[in-house]
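Residues or ranges marked as N-acetylserine by Swiss-Prot on the basis of similarity to another entry: 2. Marked as phosphothreonine by Swiss-Prot: 8 (among others). The domain 'MH1' feature in Swiss-Prot is assigned to 10-176. Taken from Swiss-Prot, the feature N6-acetyllysine covers 19, and the record attributes it to similarity to another entry. Residues or ranges marked as region 'Disordered' in Swiss-Prot: 207-251. What Swiss-Prot records for 207-217, 233-243 is compositional bias 'Polar residues'. As annotated by Swiss-Prot, phosphoserine applies to 240, 245, 250, 255, 458, 460, 464, 465, 467. Among the features that Swiss-Prot reports, domain 'MH2' is placed at 274-467, with the record citing sequence analysis.
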């Protein structure tokens, strides 16, 4: 490898030799971009080597990388080490690497806990896991520490382990098939959905039991366990609300099925685009639908061209746009980052203004009214959908009949407004009264529902305007 910088120490060259390349890309095409990436990687490794030389942990890092052994020791750096790099703070969105964004609460720390190397920031363990193990890594949500890691990121210690072999990739749990009675009737009329569009939804603030991004966001648990956003907080929520949770349901322990029926397994399959996003201003749809293929994407207010990981609203035009909408659009800023990791969907507020989310799946988990709107403050993160919880509800609903399954269609739609909220506590009482909002359709669950409904056939009792 040719020297990119004036001098590259031998240990840096050795460590860079173990760098994983993304999809084996290289050669012609994108040469300038690849060159910039190589230069950035070299700077990131140099910065780490310089720090580890002071603590004597450099040999352990090299041992872990060359042997690819998880039984090596922790390789730690200060968890608030932004000051180490001594580089300027980026001024524009193009200079930021928001992947794995992480912010400490202003009350607890003044530094944001991320490393900054040549105008790009990221969580230290994410940076080096991406460098030496998984080039396609998007977020810390995709990682969980091994059991014997004493300084894992989630432990929130003063030192954080950056040994890439002390972390594992979170696997997406396999959802069990739903057993549906074989049906031959052709569906000719769908029952009406419960419609909360024109009712005034309740409001709630960011759940007290869910810690903001300044604290540990739990790792996605192994298959078979439906996670919540904090063990103690869930207990408090369940005690105070005294309501059932999808986490308590299991497709294998629901009410018994009549096995004399001819049951057909209907399996879940992952679509090419996990969600579709439509943007609205007041009650008017603006622009084309965005189809999300990547597990991490941002919806922001900037004017850069959209790509597979970014839906930019700034370029969208609307001849009917009024002054309120214009002002709101200016405050969207960095917007929201959406993650689809391990069968769970997270929404993280990157904007300086709050976002407001209406997620029936999330509301059901906490025992709230299905139409409740939750305010997510800047720097905070909320799980807004859980595939395993949805699978349990679907299996239960099949036993309750066609209409119960069809009602789950609403759970697959999530509405989210920027800057301005709506509901009983706000001047705007419907989402179509908010200046700027988006609607997410979760394609995997929707397609699963469609297959189940097709298998079930038509409802036993026709629903009409007279019923």
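Backbone N, Cα and C define each Cβ position, glycine as well.
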Whole-number Å only: compute the distance from the Cα of residue 8 (phosphothreonine) to the Cα of residue 19 (N6-acetyllysine).
15
Near residue 19 (N6-acetyllysine), which residues of its chain come within a Cβ-Cβ distance under 8 Å, counting only those 6 or more away in sequence?
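Looking at Cβ-Cβ distances below 8 Å from residue 19 (N6-acetyllysine), excluding near sequence neighbours, one finds 41, 131, 132.
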Over the domain 'MH1' (10-176), what does the predicted model average in pLDDT?
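The predicted confidence over the domain 'MH1' (10-176), as a mean pLDDT, is 72.
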Let's check the environment of residue 8 (phosphothreonine): how many other CB atoms sit within 10 Å of its CB?
16
